[in-house]
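Participant: I have a structure I would like to understand better, so I am pasting it below and will then ask my questions one at a time.
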Amino acid sequence: MAFNKRSRNITQGVARSPNRSMYYALGYQKEDFDKPMVGIANGHSTITPCNAGLQRLADAAIDAVKASDANPQVFGTPTISDGMSMGTEGMKYSLISREVIADCIETAAQGQWMDGVVVIGGCDKNMPGGMIALARTNVPGIYVYGGTIKPGNWKGKDLTIVSSFEAVGEFTAGRMSEEDFEGVERNACPSTGSCGGMYTANTMSSSFEALGMSLLYSSTMANPDQEKVDSAAESARVLVEAIKKDIKPRDIITRKSIENAVALIMATGGSTNAVLHYLAIAHSAEVEWTIDDFERIRRKVPVICNLKPSGQYVATDLHKAGGIPQVMKILLKAGLLHGDCLTITGRTLAEELEHVPDQPRADQDVIMPIEKALYAEGHLAILKGNLAEEGAVAKITGLKNPVITGPARVFEDEQSAMEAILADKINAGDVLVLRYLGPKGGPGMPEMLAPTSAIIGKGLGESVGFITDGRFSGGTWGMVVGHVAPEAYVGGNIALVREGDSITIDAHKLVLQVNVSDEELARRRAEWKQPVARYTRGVLAKFARLASTASKGAVTD
């Protein structure tokens, strides 16, 4: 049986003699043309610590592909550092990079007729970008997460990158000394690897274990550790076996497996960005999935992991406590996962979890049993109302009472909001409205970690609301509501809010509304005019033209 069903289109037959000539230049031998061609989509980059440790993983995958009697073909994918671009115009490129990465992988895999692809990535958008490509092309593939960073430490306190963002607010509020401010800055990121809490990178990589597209335990390993290198090699070996078994992404990515992934996200307290990304992944896999499905699962699945940003621990702690397999086994025993879903190994999820204990160890408090859940329901709530007729996403963990009604403080760019926060012009009870930051208006839905962290640092996390048609970082917590749709740029009602309007955020009732009459909104709408596009050329303009609404994943195809 031939295992090069795709690559034979480019290597076999008399007419492909020139093609083989080029392969000979790369060191191929005649017998290699009967072997599968396996792409290694290598996201290595020295732009960011999230991706700076990926080359070792790519090298291990290359060696494992060769040892499995297949041909590795290495190509690069770009990355944007969300942490570094945060609060700047560069953040507008973050979500766009998801689409660019997906397009890069699709282009290489399809253009070169690859028989399979090992995708290796680190920073936030690397994960959904890679998975969108695998789902879109349906070429056999596996995702290798670059691994988490190790926690930093200053004066005995563990740190993550969010510690540094929050320190900005604390320092400007006079609640932190200059010594401690600089100490946090210098020690927040002590190694290579992606940001350490259950932020977007760890959320998406963890969910890929539940989805069935990554190996068990791989998402919580630290990038510098040898086990991460070994896992990359094993992932490549497993992919070659999947090629031989003809297991394709769409055999794995189904409505039921996406339900598993979302249940895992709820149980671990994951990032709001997962909503946007799983809408896009489902779209690419041609799986029926809507924003309302997240709310359906939220009501069934409790939060059982005590993880940052709204909890205490980081990914390395989760790994020591049993990792994602332990969380999944608890959910499976509670009837909250579909155990019959296929995984990349060819085994079902239930079979993969057979060796995992039914309950977490008693000597840790990172993973809790169901009966001791931190929250009875999931934390990512879908709010609707006259400010979000298509829906908006709220993260409701970490708050004593996720309800507020207060005056709108309206900003049309992040910098103005940040200046107001740092100048103590935002008061308890206010509701910040940041708009014209959606998929088309931003464009690119930039993340708002800097202002939300400054609010936390100022001690206002429980008392100030924050809504936007942009996004929030996975490191954000507080009374925040993002992904408001329809967005302001297309005339969503968020565009009609005026300074001082009464706004209600009620996560219990799942309501997001501006408390003015329908007649007044209609009058304002008649006066509203769409702003001139911020960009007319280049990738930002292209994304603005193509992107769908956030409630459908901000996809471009």
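Yeah, the Cβs are placed from backbone N, Cα and C, and that goes for glycine too.
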Participant: For the [2Fe-2S] cluster site that Swiss-Prot assigns to C50, C123, which of C195, C305 is also named?
Facilitator: C195
Participant: Can you match one of D82, D158, D413, D501 to the Mg(2+) site that Swiss-Prot gives for D124, K125, E447?
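Facilitator: For the Mg(2+) site that includes D124, K125, E447, Swiss-Prot also lists D82.
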Participant: Within 10 Å of E447 (Mg(2+) binding site) (Cα-Cα), which of the recorded positions C50, C123, C195, S473?
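Facilitator: Cα filter at 10 Å returns S473.
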Participant: Can you give me the same-chain residues 6 or more apart in sequence from C123 ([2Fe-2S] cluster binding site) with a CB-CB distance under 8 Å?
Facilitator: G43, T48, C50, N51, T79, I80, S81, D82, S194, A201
Participant: Just to confirm: which same-chain residues, 6+ apart in sequence, have a Cβ under 8 Å from the Cβ of C195 ([2Fe-2S] cluster binding site)?
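Facilitator: C50, G83, T148, I149, T160, I161, V162, A201, N202, G474, G475 - these are the non-local Cβ neighbours of C195 ([2Fe-2S] cluster binding site), listed in sequence order.
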Participant: Show, in sequence order, which residues other than C50, C123, C195 on the same chain lie with their Cβ within 8 Å of the centre of the Cβ atoms of the [2Fe-2S] cluster site.
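Facilitator: So the extra residues in range turn out to be T48, P49, N51, S81, D82, G83, G122, D124, I149, G193, S194, A201.
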Participant: Ten-angstrom check, please: count other Cβ atoms within 10 Å of the Cβ of C50 ([2Fe-2S] cluster binding site), all chains counted.
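Facilitator: 31, counting other Cβ atoms within 10 Å of C50 ([2Fe-2S] cluster binding site).
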Participant: Counting across all protein chains shown, how many other Cβ atoms sit within 10 Å of the Cβ of D124 (Mg(2+) binding site)?
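Facilitator: Other Cβ atoms within 10 Å of D124 (Mg(2+) binding site): 33.
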Participant: Inside 8 A of the center formed by the CB atoms of D82, D124, K125, E447, which other residues of the chain have their CB, for the recorded Mg(2+) site?
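Facilitator: So the extra residues in range turn out to be I80, S94, L95, S97, C123, T200, A201, N273, S473, G474.
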